[in-house]
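Working notes for the structure below.
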């Protein structure tokens with residue numbers, strides 16, 4: 001589990017998108033998610049979504065799918081045992097793998113660009129700030145969980161009791177961080193006003209958006 005947390009922390013690191021604008025990333029993610037559900041999780045659509053995610057996030061998308069592979073394997077096995085249909089199990093598993101790849105695209109967006117992109121789509125700035133803060137804090141909690149697990153393993157904790165102690169530790173850390181964030185916002189006079197910047201779209205942005213529209217059209221027609 002420690003190796004999985006280390007890889008997850010690497011995937012969630014705010015390195016920025018390989019190419020492109022946060023607005024295009026959000027629009028493509030929504031369009032491709034809609035295409036996936038319209039196509040009823042067809043395998044070819046899922047593979048196209050993973051390919052487009054790799055165009056944006058690079059190897060980060062593939063690493064995310066690899067990290068999630070134990071959960072995907074468990075889901076495929078349980079789906080096959082419950083329904084007895086290998087085709088359905090494979091289809092839904094590839095579908096969830098594509099959702100994981102799309103999640104890596106959103107995780108690659110720096111929080112500041114994410115909030116500005118949400119404001120561009122007319123999301124109220126307070127909600128945009130809360131979403132970007134949640135994304136930022138998720139990365140912090142993954143790092144805290146990894147450090148807490150390393151400390152407990154060094155102290156010689158047993159695997160049976162380590163998870164119960166981790167739950168208590170992470171609950172305490174979450175409360176302390178929430179209080180610290182509230183005090184910081186209050187002391188700095190947070191007003192909820194947006195301070196955003198603009199970025200010109202590149203050819204790569206338009207190309208990826210075009211691919212997303214093509215996949216959505218294919219899912220609707222076929």
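From the backbone N, Cα and C atoms, a Cβ is placed for every residue, glycine too.
Positions annotated as transmembrane segment by TrEMBL: 21-39 (among others).
What TrEMBL records for 45-77 (among others) is transmembrane segment.
What TrEMBL lists as transmembrane segment is 89-111 (among others).
Beyond its flanks by at least six residues, the transmembrane segment (201-221) meets 19-21, 24, 27-28, 31-32, 34-36, 38-39, 42, 45, 48-49, 52, 55-56 of its own chain at Cβ-Cβ distances under 8 Å. Taken from TrEMBL, the feature transmembrane segment covers 201-221 (among others).
Here the transmembrane segment (89-111) has Cβ contacts under 8 Å with residues 11-12, 14-18, 22, 25-26, 28-29, 32-33, 36, 40-43, 45-47, 49-50, 53-54, 56-57, 60-65, 68, 72, 75-77, 79-80, 83, 117, 132-133, 135-136 of the same chain, all six or more residues outside its ends.
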